[in-house]
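Asks: For reference, TrEMBL lists these features for the protein:
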- 247: FAD binding site (BINDING)
- 286-300: domain 'Glucose-methanol-choline oxidoreductase N-terminal' (DOMAIN)
- 543: active site, proton donor (ACT_SITE)
- 586: active site, proton acceptor (ACT_SITE)
Ligand SMILES: Cc1cc2nc3c(=O)[nH]c(=O)nc-3n(C[C@H](O)[C@H](O)[C@H](O)COP(=O)(O)OP(=O)(O)OC[C@H]3O[C@@H](n4cnc5c(N)ncnc54)[C@H](O)[C@@H]3O)c2cc1C
């Protein structure tokens with residue numbers, strides 16, 4: 001099918017459903033809808049299908065395709081005025097699988113309260129119980145080898161919380177790059193007041209855990225939307241997937257109200273085509289490109305659309321607004337320490353002489369290539385890393401922000417203010433990395449060993465936007481995450497970075513540490529210097545959402561609880577962009593669950 005299907009064949013078919021974007025959500029929906037052999041589903045994906053690429057399949061290479069000219073769209077933000085003018089890369093996967101193709105494979109869920117909060121914002125049926133049902137439906141948990149589980153204290157998956165018959169395969173990592181340091185890393189976090197949480201998927205996220213990963217442990221390969229939803233179903237005669245096809249707009253029947261979508265226009269090998277859908281068009285182009293497609297189709301802010309000569313069909317100014325990204329000091333601004341070289345970290349794996357043994361180990365499903373580079377994560381409430389005075393100051397700032405905010409955002413801030421004070425709500429995350437992370441001009445010393453940390457602000461107050469910058473569908477949109485535009489976010493990040501620095505001074509790790517490298521001790525000694533360091537180095541953690549928010553229209557909504565775009569009869573958005581507020585978790589499991597639930601809504605199940 002895909003490889004042999006031509007654009008001409010694609011457009012000669014009248015589909016029941018056309019899905020725009022063969023990514024994480026898009027392929028999930030397409031697979032579910034095409035379970036009925038009488039339903040014809042067409043998927044248009046701008047990228048290609050590359051099943052045999054090591055950098056995709058080997059979990060240990062996860063992350064290495066960021067910035068890749070073919071597999072990453074390579075978007076970059078506009079200069080961030082509150083972050084030293086940085087233009088910050090915003091990686092997005094391109095090709096069948098979308099961002100599930102290039103992500104790090106961590107597979108986790110937020111706390112139950114966060115999903116219940118989505119419902120409370122005006123979305124009946126989008127609560128923890130429903131999400132849990134669809135988390136489980138989306139996945140099969142592969143049991144951990146008993147010796148591996150005993151050695152690393154990995155809990156047994158309880159089917160009350162974990163799926164056992166869904167398409168996506170999940171497992172505990174086959175390898176931990178911390179070597180003997182893993183127990184010490186976990187103890188250090190507990191010493192800082194972050195309790196152990198053996199399984200953070202049961203509705204309580206607070207604590208230190210080992211995450212599940214979207215990896216098939218039986219052959220140590222990535223499990224992702226392209227292999228579980230497309231490849232596994234490629235025999236279906238009613239599922240049509242055309243790659244290298246960039247959708248330029250949705251087509252509507254003239255004069256209809258609500259607007260009736262009848263198909264899409266797309267570009268394939270420099271030719272323009274039109275394809276028809278008799279039932280629905282589903283936009284699953286991800287948080288940064290779904291708004292672009294809506295705007296190119298005439299759905300968005302009419303002033304913006306007229307600037308680019310696009311006729312407004314639905315004046316919906318919320319399209320592309322409400323962009324929320326985690327803020328962190330990830331790869332470009334890590335906390336990095338040199339440690340005692342006797343400890344095993346991933347630094348050894350990066351040395352040229354390790355290459356042959358890495359491959360050998362991988363053949364036995366062992367070693368650094370068999371697992372993603374990080375898998376210990378700690379989520380903790382504000383009281384764990386901020387003083388009462390800092391929290392009070394944050395609250396005053398948030399209340400002031402609320403006064404100036406439009407009604408919809410005011411409601412979001414109300415939730416954020418309530419959560420920020422709660423001991424059950426994670427507000428900070430740190431991800432220890434067993435090895436060196438580049439920071440500014442810091443260089444790795446051969447044979448040295450390092451321990452680094454990514455520090456994350458989970459619920460920023462800042463809101464950004466993504467909008468078209470041209471009527472040309474091939475031109476990238478303008479992305480403005482507005483990093484640190486609310487000064488409270490900078491203060492939370494400052495406190496979180498200091499917390500990360502304290503991690504290295506715990507008794508569990510104190511005797512392992514040799515040298516503080518980044519931020520340098522003299523920088524860390526002054527809050528102003530540390531703020532400056534953060535502004536120079538902060539980057540995104542790859543979880544943009546909120547740009548086609550599921551909210552009441554008057555509160556900034558783009559889609560209703562059935563994921564239909566306001567003002568349309570049969571155009572839905574199904575991807576990360578519908579999440580109205582940032583969640584304290586990595587996003588892929590939630591996106592798979594959204595797509596599973598959307599599929600049931602669409603088929604009326
Ligand atoms: C580098 C990176 C690391 C990450 N790590 C993790 C992690 O470890 N754990 C985790 O939980 N989450 C992680 N995430 C986030 C997670 O992968 C995403 O939230 C999720 O995959 C988003 O799914 P989506 O369906 O919204 O969009 P995507 O999966 O990005 O799908 C969008 C699809 O639409 C296609 N498309 C876009 N525009 C068009 C167009 N005009 N025409 C046709 N096709 C189009 C794209 O090519 C893409 O295939 C990471 C993301 C990235 C980028």
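Just so it is clear, glycine is given a Cβ too, placed from its N, Cα and C backbone atoms.
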Asks: If H, G and I count as helix, E and B as strand, and all else as coil, what does DSSP give for residue 247 (FAD binding site)?
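Replies: DSSP assigns residue 247 (FAD binding site) to strand.
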Asks: Where DSSP helix means H, G or I and strand means E or B, what are the helix, strand and coil counts for the domain 'Glucose-methanol-choline oxidoreductase N-terminal' (286-300)?
Replies: 7 helix, 2 strand, 6 coil
Asks: Which residues of the same chain, at least 6 positions away in sequence, have a Cβ lying under 8 Å from the Cβ of residue 247 (FAD binding site)?
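Replies: The list for residue 247 (FAD binding site) reads 20, 21, 44, 46, 264, 265, 266, 285, 293, 473, given in order along the sequence.
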Asks: Average pLDDT across the domain 'Glucose-methanol-choline oxidoreductase N-terminal' (286-300)?
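Replies: For the domain 'Glucose-methanol-choline oxidoreductase N-terminal' (286-300), the model's average pLDDT rounds to 98.
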Asks: Please report the number of other Cβ atoms within 10 Å of the Cβ of residue 543 (active site, proton donor).
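Replies: That number is 24.
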Asks: Near residue 586 (active site, proton acceptor), which residues of its own chain have a C-beta under 8 A away, given they sit six or more steps off in sequence?
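Replies: Residue 586 (active site, proton acceptor) has long-range Cβ partners 104, 106, 107, 108, 211, 543.
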